[in-house]
Amino acid sequence: MRLDRSGCAKVAKQLPALAKQKATGKLILDRPEQAMASADLRFVSDEDSPAPSQWHRHWEFYFCQGRLLYAVSDPHRVRRWSRALRQHAPDFVASPTPLPVEEPWEYELLDRGVSSGHLSPTQAKAIIRTTAQEVFLDLASQTGASIKWEAAPQSDPQEGVTMLLSSMDVAQIVEKSLQMWQQWQEMGLDYIYPDQAPVLSDAKHLKTQISSQSFLTINTLFNGENTLWDIALQRKQSVLGVTRTLHHFIKQGKISLKDVADWPSPIEHMQMVMSAVNPYKPLIACIDDSRIVGEKLEQILVPAGYRVLKLQDPMQGVAALAEHKPDLIFLDVVMPQTNGYNLCSFLRQSVLFRDTPIIILTSRDGLIDRTRAKINGASDFLSKPPEAHQVEEIVAKYLHHSTSKNYPLDSPAIA
């Protein structure tokens with residue numbers, strides 16, 4: 001396989017232009033089934049029957065002002081993240097609350113860790129570098145992938161800029177990945193996929209040949225759950241060295257390779273915990289004549305475990321509020337037929353909404369506007385357009401999401 005045709009080389013060619021333009025967005029590589037089937041070389045299993053996830057592959061490289069922010073690919077996105085944490089920040093526990101709402105979630109968790117002082121910028125950058133190295137090695141083995149650029153609004157990473165990888169950093173990672181893949185081929189290892197897990201083919205026979213302690217060590221390591229990447233980290237060796245050592249035993253049939261699933265992400269895990277502990281999902285209403293604002297709030301709040309009621313007509317909205325009884329209300333100021341201040345005052349006169357948190361949404365956030373909102377009974381004030389972290393913080397402030405509603409024991413809600 002010509003290395004200059006690999007997906008890795010395709011990304012490398014884009015780096016100078018992205019750096020020069022200080023581009024923000026993501027570079028997407030996609031390899032459909034047809035391209036995979038016609039490729040000259042690929043990672044395959046010993047029976048030459050790749051897993052379904054290997055047939056259609058997808059890679060994403062996120063850039064901010066021309067620097068690499070994070071790289072992701074399937075499969076094993078979460079395993080890769082977990083390995084990098086164990087290697088560079090074993091004591092760091094990434095808190096997924098409030099839930100990240102933007103991709104890549106890994107970078108958002110790292111940024112929180114650095115901001116809170118639980119993670120150093122050097123550690124965060126090492127994690128980004130290590131995950132990128134794995135993604136680029138995978139991409140170095142692939143041909144036939146399409147490539148496209150999706151621009152995103154320019155943003156200022158501020159202190160987070162020390163975490164990002166420069167075009168020179170990325171170029172070095174690409175060069176190392178291409179060299180590793182070339183060595184991988186030269187050693188005849190291109191039938192082995194490093195995200196596969198080795199397992200003893202005849203554990204019972206081996207147990208009679210070696211000491212109990214040696215067998216326990218080997219059987220624990222090659223248990224069909226640890227991938228070659230995992231074993232390399234545990235043994236503090238390169239994945240190339242580990243694979244080369246196992247190559248002989250795989251050919252002899254003493255060790256076989258199996259495909260293993262990825263782990264749930266921290267976000268998925270937290271959502272499962274929240275669903276188990278708090279099956280009730282608070283309802284948040286948004287009264288705004290702009291459809292875009294309602295959709296934006298929905299994108300932020302639904303992944304965090306909330307339900308969203310979007311209302312564009314303020315007059316009809318009052319009836320809907322009475323019917324659904326939301327736990328919190330976002331209320332636009334400027335609307336047809338009425339304004340948010342008057343509607344807020346009207347709602348406060350109702351027993352149903354006397355204690356419901358009401359958050360005023362407006363692009364005008366001066367002292368007079370805030371005072372007027374308070375006089376009319378608003379609980380708080382949020383500038384438009386609403387930012388994800390601001391929405392999460394203000395909802396968390398007024399709703400204790402970890403506690404369920406206190407329904408009477410004979411209520412149909414818990415029947």
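The backbone N, Cα and C atoms fix where each Cβ goes, glycine too.
Annotations in TrEMBL come from automatic prediction, not curation.
Quick look at what TrEMBL annotates:
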{"type": "DOMAIN", "residues": "283-399", "note": "domain 'Response regulatory'"}
{"type": "MOD_RES", "residues": "Asp332", "note": "4-aspartylphosphate"}
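Note: Asp332 (4-aspartylphosphate) has non-local neighbours Ile287, Asp288, Asp289, Ser290, Val293, Gly340, Leu361, Thr362, Lys384, i.e. same-chain residues 6+ apart with C-beta under 8 A of its own C-beta. DSSP gives Asp332 (4-aspartylphosphate) a strand state.
Break the domain 'Response regulatory' (283-399) down by DSSP state and the numbers are 57 helix, 26 strand, 34 coil.
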